[in-house]
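Reviewing the structure listed below.
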Amino acid sequence: MPVHGDSSDRCNNDNTVPSSSIDKQFLAAPIKRAVDKYQLLPEFLKMRGLVKQHLDSFNYFVNTEIKKIVRANNRIVSSIDPSIYLRFKDIRIGEPSVTVDGVTENLVPQTCRLSDMTYAAPIKVDIEYIHGSHGHKIRSEKTDVFIGRMPIMLRSCRCVLYGKDEAELAKLGECPLDPGGYFIVKGTEKVLLIQEQLSKNRIIIDTDKKGNINASVTSSSETIRSKTVIQMEKEKLYLKLNVFSTKKIPIMIAIKAMGMESDQEVVQMLGRDPRYSALLLPSLENTMEFSTNRLVVKSFEMYVSISSSFIPCTELVIVCFNFKCAKEGIYTQEQALEYLLSKVKNFNCPSSEKDGKVIAIFKDVFLANVRVRGNNFRPKCMYVAVMIRRIMDAILNKDAMDDKDYVGNKRLELSGQLISLLFEHLFKSMITDVRRAVDHVLSHRSRSSRFDFSQLLVRPIITDGLERSLSTGNWDVKRFKMHRKGMTQVLARLSFIGTLGHMTRILPQFEKSRKVSGPRALQPSQWGMLCPCDTPEGEACGLVKNLALMTHVTTDEEEGPLITLCYALGVEDLAFLSGEELHAPDSFLVVLNGNILGKHRRPQAFASAIRTLRRTGKVGEFVSVFVNEKQRCVYIASDGGRVCRPLVIVDKGVSKVKEHHMKELADGVRTFDDFLREGLIEYLDIALYEKDVEPETTHLEIEPFTILGVCAGLIPYPHHNQSPRNTYQLCRMDTLLYLLVYPQRPLLTTRTIELVGYDKLGAGQNATVAVMSYSGYDIEDAIVLNKASLDRGFGRCIVMNRLSAINQKYENNTQDRIIRPDREGSDAARMQVLDDDGIAAPGEIIRPNDIYINKQSPKVTKGPPRTRLTDSDYKPSYQTFKGAEGELCVVDKVALYSDKTNNLCIKFLIRHTRRPEVGDKFSSRHGQKGVCGTIVPQEDFPFTERGICPDLIMNPHGFPSRMTVGKMIELIGGKAGVSCGRFHYGSAFGEPSGHADKVEDISKTLVEKGFSYNGKDFIYSGITGCPLQAYIFMGPIYYQKLKHMVLDKMHARGSGPRVMLTRQPTEGKARNGGLRVGEMERDCLIAHGASMLIFERLMVSSDPFEVQVCRVCGLLGYYNHKLKTGVCSSCKNGANISTMKLPYACKLLIQELQSMNIVPRLKLAEA
Amino acid sequence: MSESTSETESESSVEAKGGGGPGWLEKLSDTDTIQYSGAYATSGVDNSVRLDNFCDDFKVEVIRLTEEEMEFDMIGIDPALANAFRRILISEVSTMAIERVLIANNTSVVQDEVLAHRLGLIPIQVDPRLFEFAGNNTPNEKNTIVFKLHVRCKQNGQRIAVKSNELKWSPNGSEFLLSSEDSKSAGSSSKPRTYTSFTCSQDSLSEFSNNAISVMENILIAKLGPGQEIELEAHAVKGIGKTHAKWSPVATAWYRMLPEVVLLEEVEDEAAEELKAKCPVGVFDIEDIGKGKKRATVARPRACTLCRECIRGGKQWEDRVSLRRLKNHFIFTIESTGSLPPEVLFTEAVKILEDKCERVIADLS
């Protein structure tokens, strides 16, 4: 009893204290709160993975979408005999496999990569069809009919890797850390990039170039995509629709054509406010202009007089309209339709279809997202009214304009959607193809064989179409007028993080060349959804974006149940409402995915009801509700492609996620899904720390660093850097390197690094850096390297190259052969690397010009089949290695496989280990790259009191202008980490939550370990032996080697190949070209008066040519070898010929000019 | 006389200054030594080095000596000379290290080049003075040590780690036959030619007869998965650290100047306590001076790491404490890799310097 009393006492006490102070006390405990919540993140990523958006979307397609597509187009009916048909009952995608010579083999991704195959699975359908012969018609069924092959996304639910653990993955030759989410097409890994698009089926109000206000809707339904624009131009409203030849159709005609003949109703639908009807007036007049009736003109004047008498009563005005329209030319629906018929583009259909044509357009093309039942166009009229109302809102109040760049108005198209688009197109064209084939067969009356529908089904359309689109990246769907290029890219495999970054990349809808700043600017609405740092430099800056760490992209959700639910929650159906009620001030419109459902009188209650249902899990977790007070609408969205992210729900200023939840999570009792299910966390399409929570706050961030993307998360202390530096670093991320010999885990990590697994697959090394100037070889960001560090393995990397050879088969039944190498002959030295089978052996050192495959081809490959070839029938066609001289390369792997046509293919992997050289590029994680300026032996390097010698010296001038304070913190953090034996953290914005170590704490650790608090050490010069006059800032910084290495770029030539046309040396390293003495170099030489040098460079060493010039006519002649004299062809003699030297290019110019009827004459003088 | 001593004193120590201004203006003064004999001629001080003086002043005190590490004080020497020893130790004292690796089979995940590089860095515990520099000579018992490594992981076994212990010395030289020999003179009577031409077995030589050559133990070379195998032969030759760090006989060798911490004024009571607490390495101590008064003393100046904590915290601290380094007292540390004991390394370094000096003298005369 006393115990009880105690507790109740406490409760009472609590109640007596004002609620705000309770909150403060409760929230004062700083450590538990934030660190604990972080645990949600690994949990979230465990559930979702890093490329979940791709996988989800592909899974959705494979499991749901594909069935929908087939259900929508499930019949192939012969147009000759409609009783002959084929019906698709079901469709499914099998296990990835390949069928060669009738043998089906299961596929594993690694085999596909090695043998240039496509990782694809058969698409199987169940069919019901009519077959028969000689009048007999039998209905039969077949299951598992193969219709094509679908490339499979790795780690999706159809992939063999799905749900496999590490050991199983390793057995399949797959890296356990690989995220999947890409395709393998013809052996190359292809990512289908996320496409950014303006959202479909939504009214978007904006202005065009002329300042006219547009309301546009891009409709998308299963059958068609169209864009409907209503435009206010010179105070009149017009409809713009592609199918009409005239650009603008007066809106009233369109409305009348849909059967709403009464102007009054139109005005009513816009609402009672006279301001709106006043704005509509000019448009109503519009209808009259089409009549030449004088009466109209007169009545028009009459109308003006009435309206100018300022009677703010709608009814009166309407009466007036009706009065006008009664005398109007286009007054009825029929008239309107007739008028519109003449405007239809490509009008050449037979008269029978004439009548229905315009109606059909209004039904299917105009606002295609609004469904029409029968010929009831009322919903469309309502929709038009809403559009007009929004335009008018925008006129009356500029704030009502929509922002196209707003993330909420964007949808991301993911691989699943894109593939489904393509598949639908291909499936339909297959159906038309099959139908044509059936008709063709049926039209031959005298057919003998039995007619079997199912036999016609196997067509390569689907397989080829999918494969072609994925490998080229061209999406051509004619039906939707879609011609997009560059949708797929080869997966960047330079570094693990580059790969991940590639999978989260978003391609823009705009072309890059457009010089607009709007779409490139950082939108505040990107917060938490798209990474603010990660965008490329240059032309695509700001257009190409990356997803943030916790972003989720939704997939489509079934609308049906939601609609029913809405009506159940008190939404009044639109159909039962009069036009005037549409914009009645006492209620809100309810819009689901851009479709107007009806009205609700208590919008807030309605919205919170839906929210509650969502939090209890009765409605999908990705359904969003939003009450727009300005537009007086409740928007509900369940469509796919919305970006959203999870947030902690805050109820009355108190976070719903409590400590005990987190404990359960840590104990493994709870998963992220439970948090969702119990309504503690939800997804939002939008307060930071718990201490900032105010009573109005509704949601709480899980962790602030999740606003950054995967790549940006790798930078330690990014919030201390100048923003562009972070961006530069990210651009550098994907140019990392090939394979580092001794990769290390960064001493200064971030939470993201741990989450992503970068600590397992590092791409750099912790170098001890001394920030000081040394030797003068460190200007302009160059760095000085310690030779001993390099000797011990710093910055060593392996570069891989791939060579391949095909053992070709020929049409005359002959084929190449690979033979035993000749160990004695003249080529023996070049065949050292070959094994006895004539193929280079793994582990052999291969030098330039070595033969790596001793292949021979038959001399005759065409004509009649030949057998019994002897040695003399073959000619050698060995392949030699063309590596750079002085590079020690090793054959790493040799893979044999057979390609599509069953030829034997051999792939060689050549490896080269490189040690850093002067000129190799290195970069820290803060966008600070530098080339190696010189390599200095260890004894010349400075050393500290403890005998520590830096690996690398960096010039301090790199800091002031770059302002990369983060790098300095990384240095001291790393130093403290090394000396106390704990990895320090540097997550973005992590200091308050304990995910980043504070400089203060780091300094304390440093002092404890006997270092100066500021990271500067007392250093002795290695050259003189005396102490340096300054303390040197020294400690470990994570350095990465970039792929730009001198060895790949270094180039020089003495003499070499020349271009045919001009006879000048070729250009470029690949062609062993010369180095150009350009204009500026030439200017220099002129300035120096080094005329002989110029002469030598520009003529003697380039393209000297001897010409015969006629002193009389000044034209070029030729040298006659028989007569041993020069001859002028225009003077027809050789009397006045002089021999001189010219650059060949000059001679060419002279002749080209001559060919254009310009006569250049050379006047010679005595030198 | 008094003048000149103060001159020389200030010349003989480096002083760390807080700068007196803002904290980031820290700097050091008098870091250099003046070699020029007439530098102080105007004030009547002779700065030239006299051999007698040097002999009288120079002292070496060994502080710590283990098999691998040695710390000793070198007093009365110039930084230039101390540094010369350091530099020679790092880059010019010779050792043996693996230079050529003949790989017969390597199915491990470690690439051949990387494996060879790793082998090269393994210290070999043998006195390099017993060997000659190979140069372009054929490898023989006088200039080459051959090691064998043959490890195989069982097909159904656990993953195994290959440690440096597996490197076995083969005193008879290489066992791999030259490929040209392979076919040509397989049946000939003479000994088949291998990659080395040893005239006799190394273990027959007196130096190695009862101490086999080994390498530093327990260094990870590679890890083998089931069924993987490494078979190779590693040839070690003599070299110096200048060519490659693997021939450096020391892990590192360095010195520091003897710290000298001076209290410029009496630091008493709370300030003394504070000073004592400030120093993370415990340089200062407190002594009772009676009457309940306490005074700070410099108890362990040698421990000072120059972290400048004691002079941090405002001008008053900088005025109280002066951190200095004696420029003619070096605390020298040598960490040997194991081929020779550290004290021998140092004498070797001295010999090399001697040789150099002789060479200079010989060249000049």
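For all residues, glycine too, the Cβ spot is worked out from N, Cα and C.
Keep in mind that TrEMBL annotations are predicted by a computer and have not been checked by a curator.
The structure displayed is predicted, hence computed values, not measured ones.
Annotated domain 'RNA polymerase beta subunit protrusion' per TrEMBL: A:49-446, in sequence order.
Taken from TrEMBL, the feature domain 'RNA polymerase Rpb2' covers A:200-291 (among others). Each residue in the domain 'RNA polymerase Rpb2' (A:200-291) gets a DSSP state, and the totals come to 31 helix, 31 strand, 30 coil.
The domain 'RNA polymerase Rpb2' annotation in TrEMBL covers A:321-413 (among others). Looking at the domain 'RNA polymerase Rpb2' (A:321-413) alone, the prediction's average pLDDT is 73.
Look at TrEMBL and you will find A:489-553 (among others) tagged as domain 'RNA polymerase Rpb2'. Assigned with DSSP, the residues of the domain 'RNA polymerase Rpb2' (A:489-553) fall into helix, strand and coil as follows: 11 helix, 12 strand, 42 coil.
What TrEMBL records for A:590-651 (among others) is domain 'RNA polymerase Rpb2'.
Taken from TrEMBL, the feature domain 'DNA-directed RNA polymerase subunit 2 hybrid-binding' applies to A:711-1071.
What TrEMBL lists as region 'Disordered' is A:855-874. The DSSP breakdown of the region 'Disordered' (A:855-874) into helical (H, G, I), extended (E, B) and coil residues amounts to 3 helix, 5 strand, 12 coil.
The feature domain 'RNA polymerase Rpb2' is assigned by TrEMBL to A:1073-1163 (among others).
Just going by CB pairs under 8 A, the stretch in A:49-446, A:489-553, A:711-1071 that sits most against the domain 'RNA polymerase Rpb2' (A:590-651) is A:49-446. Across the domain 'RNA polymerase Rpb2' (A:590-651), DSSP assigns 13 helix, 28 strand, 21 coil. Secondary structure of the domain 'RNA polymerase Rpb2' (A:1073-1163) per DSSP (helix as H, G, I; strand as E, B; remaining residues coil): 32 helix, 23 strand, 36 coil.
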